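J.: Here it is, the structure in full.
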Number of protein chains: 2
Amino acid sequence: MAKGLLIVLSGPSGVGKGTVCNELRRRLPELVYSVSATTRGPRLGEEHGVNYFFKTREQFLDMIEHDQLLEHAEYVGNYYGTPRDFVEQTIENGKDIILEIEVQGALKVKEKFPEGIFVFLLPPSLDELKGRIQGRGTENQATIDHRMSVAAYEIGLLENYDYAVVNDEIDLACKRIESIVVAEHCKVRSKAKELQIGK
Amino acid sequence: MAKGLLIVLSGPSGVGKGTVCNELRRRLPELVYSVSATTRGPRLGEEHGVNYFFKTREQFLDMIEHDQLLEHAEYVGNYYGTPRDFVEQTIENGKDIILEIEVQGALKVKEKFPEGIFVFLLPPSLDELKGRIQGRGTENQATIDHRMSVAAYEIGLLENYDYAVVNDEIDLACKRIESIVVAEHCKVRSKAKELQIGK
């Protein structure tokens with residue numbers, strides 16, 4: 001059986017990663033979503049293994065120590081990370097898995113899992129991104145300026161990715177990503193000889 | 001303006017290159033078809049620059065000498081070849097161009113134009129290919145056996161290609177190739193910095 005693919009969907013904050021990822025999961029029900037591990041407690045309605053793998057701090061540190069995470073980060077006193085096992089088992093079962101993650105996290109995943117397909121979601125322009133960040137209406141000017149300079153820096157990291165997809169319209173962005181997945185499955189890899197050409 | 005792509009569609013005789021290529025041109029009217037140069041005389045209804053670029057033997061040999069062909073071959077006393085200029089000008093104008101060609105020719109094109117996208121059209125199985133070759137009803141057993149052994153050899157050259165597309169159903173095969181074209185346009189290349197991120 002052909003292996004599945006890890007698709008890493010990344011891009012600057014505000015570009016619409018979450019919206020695109022949800023729409024892709026709706027369109028491609030067979031696509032598996034990478035579930036993160038976290039030390040934060042479950043919120044109402046959150047299920048272990050669906051929303052997160054809930055771990056104690058000790059368990060999480062143990063996972064780090066045994067290289068069981070493709071990346072991890074600390075945020076507001078809690079750990080978050082991508083369990084390697086879940087990704088590898090899904091792929092071995094011939095299913096594709098998508099991981100939605102910010103830019104720094106994606107680059108860490110690339111170090112441990114270079115065979116992943118790294119997709120960078122781009123805003124149509126920096127002005128458009130600024131509009132989206134301002135549109136939330138929750139940030140002051142200094143925060144907006146800071147986020148814009150982070151976004152500009154992150155877009156400079158684009159060359160570390162395999163594909164750049166402009167999120168001008170969600171439908172078009174999803175079609176492009178779906179095409180990338182189809183094309184990657186047609187790619188001739190070094191294991192091409194395993195191809196099922198029956199006699 | 002972003003450059004276009006050269007898509008080289010190849011595969012063993014009998015696999016359905018011509019049918020898939022015609023269907024792709026129907027679906028993607030903006031896709032340019034690579035016109036061959038030939039020393040054979042025009043047949044009724046054939047137009048210069050549409051079906052072929054008709055050349056004298058002297059003109060053709062001159063094109064070979066000045067490296068103006070991406071590949072060429074002699075067949076039943078006539079020369080056939082792929083003019084480099086036509087491909088390069090189309091690409092420079094931002095349009096994609098498709099070249100339908102047999103396996104040996106495609107590998108020659110790859111030597112001179114490695115930035116092309118090389119797509120190998122596969123039969124669902126060797127039995128299926130045999131059925132298609134026999135189905136023409138025009139070949140004797142020795143010819144069929146010979147063509148099958150050539151096909152098996154050519155499938156062994158698959159690793160020189162970028163993509164393998166199974167021609168199980170023409171609609172599916174075309175969708176896969178269309179996806180490959182979309183994905184290739186999203187690829188981050190070394191010139192990623194030229195990307196039109198305004199501001």
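Backbone N, Cα and C define each Cβ position, glycine as well.
From TrEMBL, for reference:
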BINDING   B:Gly11, B:Pro12, B:Ser13, B:Gly14, B:Val15, B:Gly16, B:Lys17, B:Gly18  ATP binding site
DOMAIN    B:4-182  domain 'Guanylate kinase-like'
J.: Give me the sequence-ordered set of same-chain residues, not including B:Gly11, B:Pro12, B:Ser13, B:Gly14, B:Val15, B:Gly16, B:Lys17, B:Gly18, with a C-beta within 8 angstroms of the centroid of the ATP site's C-beta atoms.
T.: B:Leu121, B:Pro123, B:Asn167
J.: Within 10 Å of the Cβ of B:Lys17 (ATP binding site), how many other Cβ atoms can you find? Include all protein chains, please.
T.: 20
J.: Looking only at Cβ atoms, how many others are within 10 Å of the one on B:Gly16 (ATP binding site)?
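T.: The Cβ of B:Gly16 (ATP binding site) has 17 Cβ neighbours within 10 Å.
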J.: Hey, which of the binding-site residues B:Gly11, B:Pro12, B:Gly14, B:Gly18 is the loneliest by Cβ count within 10 Å?
T.: B:Gly18
J.: Ranked by the number of other Cβ atoms within 10 Å of their own Cβ, which of the binding-site residues B:Ser13, B:Val15 ranks first?
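T.: Top count of Cβ atoms within 10 Å goes to B:Val15.
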J.: Check the DSSP secondary structure of B:Gly18 (ATP binding site), expressed as helix, strand or coil.
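T.: The three-state answer is helix.
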